[in-house]
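According to TrEMBL, the compositional bias 'Polar residues' annotation covers 1-10, 21-30. The compositional bias 'Basic and acidic residues' annotation in TrEMBL covers 31-43. If you look up TrEMBL, you'll see 198-216 marked as compositional bias 'Acidic residues'. Here TrEMBL flags 1-43, 192-219 as region 'Disordered'. The feature repeat 'WD' is assigned by TrEMBL to 119-161, 230-271, 272-313, 316-356.
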Amino acid sequence: MPVESGSSAARQAKQKRKSHSLSIRRTNSTEQERSGLQRDVLEGQDSKLPLPLRTNLLDLFSQIEREFENLYIENLEPSHSTSQLSQKLKTTYKASTSKIVSSFKATTSRAVCQLVREYVGHRDGIWDLSVTRTQPVVLGTASADHTAMLWSIETGKCLLKYTGHQGSASGDQTAHIWRYLVQLPTPQPVADISQTPCEDDVDFSDKDDADGEAEGPADCPSLRVATTTLRSHQGVVIAADWLVGGKQVVTASWDRAANLYDVETSELVHSLTGHDQELTHCCTHPTQRLVVTSSRDTTFRLWDFRDPSIHSVNVFQGHTDTVTSAVFTVGDNVVSGSDDRTVKVWDLKNMRSPIATIRTDSAVNRISVSTNHKVIALPHDNRQVRLFDMSAVRLARLPRSNRQGHQRMVCCSSWCEENSTCNLFTCGFDRQAIGWNINIPALLQEK
């Protein structure tokens, strides 16, 4: 009995499929016959759709069927006309695309971005990096492995490792000021790196080469005791910067506040409160007593300490997601980057709306702007680093493949135009910092 029941169900299902097949194939039937057939199909199928809606859907399918039938009839005609059209299209578009390709080749032959050196030694992702503003000029990195390192820019050698923090760089809620005395090694000849064009690089592999345990530099001296320890935050200290003059420092924390300290006394001068969520970055103006802080609350704030008696603050709401960084340029501009995949350029004289907006395909992390040429370096979550000018014109994309470039999220970028070997540095979760040589004049000439 169960076998007969199963056979009956199978026959009914087969009849339904056959009926539905007929409804699609009979394109030359009259409208009356099609309507009757549709009704038969609708009655033989279980569906929660209303009957008028199902009828309308079948009518639409019939129209699609007729369109395909017309295309099929056209394809039955002699193929010589199609061949002629195809050849004409090839000839036309080949000439156009050749001009486009030639223009790209001309650009990349003169505008070159080269990976010069890799700084490898941290055991975990590198959150931040910067270059000293005074002699000797060295590269500094801060990592989630609880250490900070100083590097020789020219040789890639670790000069000093600071191990005084108890958390991820400043995860112990403190900021440390420490003095260093390093002996710069003799620069070695730069390896012959083939010139890689900025735009024509191909990502050959997504293999992560940083999965293995990286050993730190064995001969790198260590420092464990800070000269000054700044204690006032109740959360992770995520960024710090020196106020002009070098006597005060500002720190930003996940406790939603930025603190201004006196370096000599270690005393808290001002607590900059007002953000609704964790801070992500802070930056000081190179020549004026101005501070800008960014936050996960989608805003960044401008703090003015130029008048000792008045400490004004302005709030800017130009983004729709976390503002990952906001930095000053030489002059009267602020550039902000965000997880909303945009970078905005602002004029300090009129901050009501941005003067330029850069739209990207990935979240933007800690940006930097070159001093002399005002080129913006954008590190992305998708492992790319892109260069734009202040007018939002894209200049280049740094090479990234399985052989060079970052293999994980790029966290930060920092310019050092005074260095002839490397004038741009980037770091990321792949545990390495990279020094690049960017031909800025050629990039600006080609835009």
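For all residues, glycine too, the Cβ spot is worked out from N, Cα and C.
Predicted, not measured: the structure shown is a model, and the values here were computed from it.
In the predicted model, residues of the repeat 'WD' (119-161) average a pLDDT of 94.
Remark: secondary structure over the repeat 'WD' (316-356) totals 0 helix, 21 strand, 20 coil, with classes taken from DSSP. Look at the repeat 'WD' (230-271): DSSP puts its residues at 0 helix, 23 strand, 19 coil.
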